[in-house]
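I have placed the structure first, in the form of structure tokens, so that the comments after it can refer back to it.
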Amino acid sequence: GTPQKYDPTFKGPIYDRGCTDIVCCVLLVVAILGYVVVGIVAWTHGDPRKVIHPTDSRGQFCGQQGTPNDPLVLLEFQCPTTQVRPDPSGPRRSPNSPGNPAAPLLPVQICVSKCPDRYLTYLTAHGNAASLEYYRNFCTPEFKNSRKAPIEVLKDKECPAMLIPSTPLARRCFPAIQAKKGVIMVGNETTYNDGYGHRRNVTELLEGAKKANVVLETRQLAMKIFEDYTVSWYWIIIGLVIAMVASLIFIVLLRFLAGIMVWVMIVMVILVLGYGIFHCYMEYAKLKGEAGSDVSLTDLGFQTDLRVYLHLRQTWLAFLIILCVLELVIVLLLVFLRKRILIAIALIKEASRAVGHVMSSLLFPLCTFFLLCLCIAYWASTAVFLSTSNEAVYKVFNESACPFSGQTCKPETFNTSNVTKLCSDAQCLFAFYGGETAYHKYLIALQFFNVFMFFWLANFVIALGQVTLAGAFASYYWAFKKPDDMPAFPLFSAFGRALRYHTGSLAFGSLVLAIIQVIRVTLEYLDHRLKAAENKFAKFLLSCLKCCFWCLEKFIKFLNRNAYIMIAIYGTNFCTSARNAFFLLMRNIIRVAVLDKVTDFLFFLGKLLIVGSVGILAFFFFTHRIKLVQDTAPPLNYYWVPILTVIVGSYLIAHGFFSVYGMCVDTLFLCFLEDLERNDGSAEKPYFMSQNLRKLLKKTNKGQPEA
């Protein structure tokens, strides 16, 4: 804490500290070790190829070098509709239940080197040697006897009944549907032979390939966007550099222009309200004596056409009264809060000076961003490996009655088992991915742990960044002679203190926030599952819980932020810091409100100015409207691609700069409040605030040289 007697060598309360919340630190380390173990187990059992590569009916991947399935593309024999044949001797049962007499007819899928490029049926190809040789490319490996009767080949599903011109998309063959003059065609044909002697319209294929066409169009759009990026990337970088320079200049100028911008804003609000009052009075006076203008609002009632109300004198009188009340309230607030507004402006100017002395703080968000990217990458990769940890499950499929239908089987031993002897048409085909081991049963719990650890670590990284910045800016405030008494590297010193002494406190705060966020995610999941439900009470209760936890998360974020600042200043544990910060702010609630609104306005103005100016510049440049550089701008498929990229990037850059500046303002504000409460300007307890703040508050340090 603050010493009882002033010592010229004293550098503020930020250096007197010890380890805090050690239990939470140990808990975090144990959780991280467990997270690493979960990742290793997931990476051992998982196989991301299940997401990337399609599988044939045997569960083998297509397009894998050195495997029997070197061909890249997946071909499906029939439309993917589940068909179940009824039991002639009784009612139909679930196809996957033991003893089901008939299993669903799943589409047969094989891996092929390329998709079909022509219409052809097996009945047609069977009578032509060249056509049959081409057709064999799309048959199963079991198809050996070309003299086998066509009806037997189709019954055994060794070859498809027909081939349709197809295109590869996402390693799968889809009908090559195209529109010519409004007519839907496949392979320049509007009808096709289904292989069983019937002519069908190609529009029947449209529904099955609709999603494929969407993906194809999306891929074409992505290729054009990628081309735009390849020719405009360096101009985009230049635009982002301009945004970064503009953000830096704006923060530097706040030292000189903060007061002017705030007072100009206040005067503009007063003038706008004054004009509103004048306009309402003129409209009220103009309607005097006009027919129907004296009808009261209660007599008129509710009207869907809101313009009707503008022809009533009572409407403009109500507007006039509301604006007059607002104008009076704002003027009274200015009269009574002018000193607090001046303090807020002085703190903003002081924050600009602090950032100027700790310039490395403007680059620190890059470190936080890098650590967050690591958390996201580890979480995403672990989630993918966990979701692909299931093993291939094979089941018996058949058309005729069979007691083994729907039971699990092993392809390696299926042909020598009793199943083939009792059921001649039974096949052991890949059904789905699953598993019966303890690991597979607890996959959902492991995924939940993965999500929880992601929130915990992400919040910990953000907390580490906030404590580091708060410690660096607190070292500026608590330097009696600014900046001579500051450490040589304030940012690195604050980072070291945070990790060495306060990892447990950061883990505590981030753990509380992570628990709330996981609950919110769970509520969102339940809400998604209950959308189709008819229980209105459950929906209402869920909406209330979502609202409550949203408010709770916002409050905890606010409390954590200020608790981290107190941790950086005094080195107390999380609970003590949160309590002290909360009551300190409550004792100065009006100052908090004024400072918050003033800084919000300045940040909004800064972001609007930077993003708007850079966005307008990018628009005129990429649309060739700047004559000096018309020939320099690259030709583009979509000029909005680089423009939107520059706008979004400029916003993120400005947000990163202003987040540092906002942390600086909040830190200096809490230090300022602590300084006022703990010190009195005497020789034993001098003020650490700057000379400008002391003059504003009419405070002096007795017997001490002015900073």
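Glycine too: its Cβ is placed from the backbone N, Cα and C atoms.
All annotation found in TrEMBL is predicted automatically rather than curated by experts.
Per TrEMBL, the feature transmembrane segment maps to 21-43 (among others).
Taken from TrEMBL, the feature region 'Disordered' applies to 83-102.
Look at TrEMBL and you will find 85-100 tagged as compositional bias 'Low complexity'.
Only residues 6 or more beyond the boundaries of the transmembrane segment (233-253), in the same chain, are considered here, and those with a CB under 8 A from a CB of the stretch are 352, 355-356, 362, 606, 609-611, 613-614, 617-618, 621-622, 633-634, 642, 645-646, 649-650, 653-654, 657-658, 661. What TrEMBL lists as transmembrane segment is 233-253 (among others).
Tertiary proximity for the transmembrane segment (260-278) is limited to same-chain residues at least six positions away from its ends with a CB under 8 Å from its CB atoms, namely 319-320, 323-324, 326-327, 330-331, 334, 341, 344-345, 598, 601-602, 605. The transmembrane segment annotation in TrEMBL covers 260-278 (among others).
Counting same-chain residues at least six beyond the ends of the transmembrane segment (316-337), those with a Cβ under 8 angstroms from any Cβ of the stretch are 266, 269-270, 273-274, 276-277, 280-281, 283-284, 287, 297, 310, 590, 594. According to TrEMBL, the transmembrane segment annotation covers 316-337 (among others).
Residues annotated as transmembrane segment in TrEMBL: 358-380 (among others).
The transmembrane segment annotation in TrEMBL covers 453-478 (among others). Long-range neighbours of the transmembrane segment (453-478) within the same chain, counting only residues 6 or more positions beyond its ends whose Cβ lies under 8 Å from a Cβ of the stretch, are 11-14, 28, 31-32, 35, 351, 354, 357-358, 361, 364-365, 367-368, 371-372, 375-376, 378-379, 486-487, 490-491, 493-495, 497-499, 502, 506-507, 509-511, 513-514, 517-518, 560-561, 564-565, 567-569, 660, 663-664, 666-668, 671-672, 675, 688-689.
Under the heading transmembrane segment, TrEMBL lists 499-519 (among others).
Annotated transmembrane segment per TrEMBL: 563-586 (among others), in sequence order. Panel annotation: around the transmembrane segment (563-586), residues 1, 13-14, 16-18, 20-21, 24, 463, 466-468, 470-471, 474, 478, 494, 497-498, 501-502, 504-506, 508-509, 592, 666-667, 670-671, 673-674, 677 of the same chain, lying at least six beyond its termini, place a Cβ under 8 Å from a Cβ of the stretch.
If you look up TrEMBL, you'll see 598-622 (among others) marked as transmembrane segment. Through the fold, the transmembrane segment (598-622) approaches residues 232, 235, 239, 242-243, 246-247, 250-251, 254, 258, 261-262, 265, 341, 344-345, 348, 629, 633-634, 636, 639, 642-643, 646-647, 650-651, 653-655, 658, 661-662, 665 of its own chain, all at least 6 residues removed from its boundaries and within a Cβ separation under 8 Å.
As annotated by TrEMBL, transmembrane segment applies to 638-658 (among others).
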Same-chain residues near the transmembrane segment (638-658), Cβ under 8 Å, at least 6 residues beyond its ends: 224-225, 228-229, 232, 235-236, 239-240, 243-244, 246-248, 250-251, 362, 365-366, 369, 603, 606-607, 610-611, 614-615, 618-619, 622-623
Positions on the same chain near the transmembrane segment (358-380), where near means CB under 8 A and six or more residues out: 39, 248, 251, 450-451, 453-454, 457-458, 461-462, 464-465, 468-469, 472-473, 476, 489-491, 656-657, 659-660, 664
